[in-house]
Amino acid sequence: MNLSCSLVLLGGGKGERFNSLQPKQYTHLCGEPLILHALHAYQRLPFVQEVVVVCEEQYRELFLPYSVKFASPGTLRQDSVFSGLQQVFTPWVCIHDGVRPFVYADEVIEVCSAARKTGAAALASPATYTIKSCAPVRTLDRDALAVIHTPQCLDTEVLREGLLLARAMDFSLSDDTEAAELLGIEPTLVFSNRVQIKVTYPEDLLFAETLLSKSSTYK
């Protein structure tokens, strides 16, 4: 199966919950910015044809040693994705958060393969916590729920149309595959059996450092 795709790497978030002077995606993990851990992993994948980094202009110097394109971030995540999408010229696109430094080749391959069948796919984990809705307060069936991560892979035109529809509806998307859902497409979920780290708080960085220092399989 031809898995050729572009990567849109999101590096425009401000990370206000991280309590740092710089955005968390540029905080160092074992000597290297978080976002570069993700970039290096994707650059090792031969089917990734091009990389678009969505970031503020002041951080672009960090990526100059690499063969990447740039796009400017927007107000919302979906605006940043749409901005990156303007630089994409392949039929398929993979979206990844710059604050998710752990990228596993087999999971990217599985997500991209699954997307070819339905038009959209996302990496996921089973919900393991008890989750309640707030209004009214009631317990949800966690067996029917999943936690969504990146990578997420979509047909480029499906994502573009879904993002435009969301904008026309003034609708805030929770993730990228929700753009496909707006078009009536049911995304495929690819379940991971690994710990999926999104660095949101300082404690997440400590956990990531511990995991990385003890792992020989991170690739």
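Cβ coordinates come from backbone N, Cα and C, glycine included.
Among the features that Swiss-Prot reports, site 'Transition state stabilizer' is placed at ARG17 (among others).
Under the heading site 'Transition state stabilizer', Swiss-Prot lists LYS24 (among others), citing sequence analysis as support.
Annotation source Swiss-Prot lists site 'Positions MEP for the nucleophilic attack' at ARG142 (among others). Around the Cβ of ARG142 (site 'Positions MEP for the nucleophilic attack'), a 10 Å sphere holds 14 further Cβ atoms from the protein chains shown.
The annotation site 'Positions MEP for the nucleophilic attack' is assigned in Swiss-Prot to LYS198 (among others). Classification of LYS198 (site 'Positions MEP for the nucleophilic attack') by DSSP places it in coil, neither helical nor stranded. Summarising the environment of LYS198 (site 'Positions MEP for the nucleophilic attack'), the number of other Cβ atoms within 10 Å of its Cβ, over all protein chains shown, is 16.
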Q | LYS24 (site 'Transition state stabilizer') and LYS198 (site 'Positions MEP for the nucleophilic attack'), Cα-Cα, nearest whole angstrom | A | 10
Q | Packing count at LYS24 (site 'Transition state stabilizer') (other Cβ atoms within 10 Å of its Cβ) | A | 25
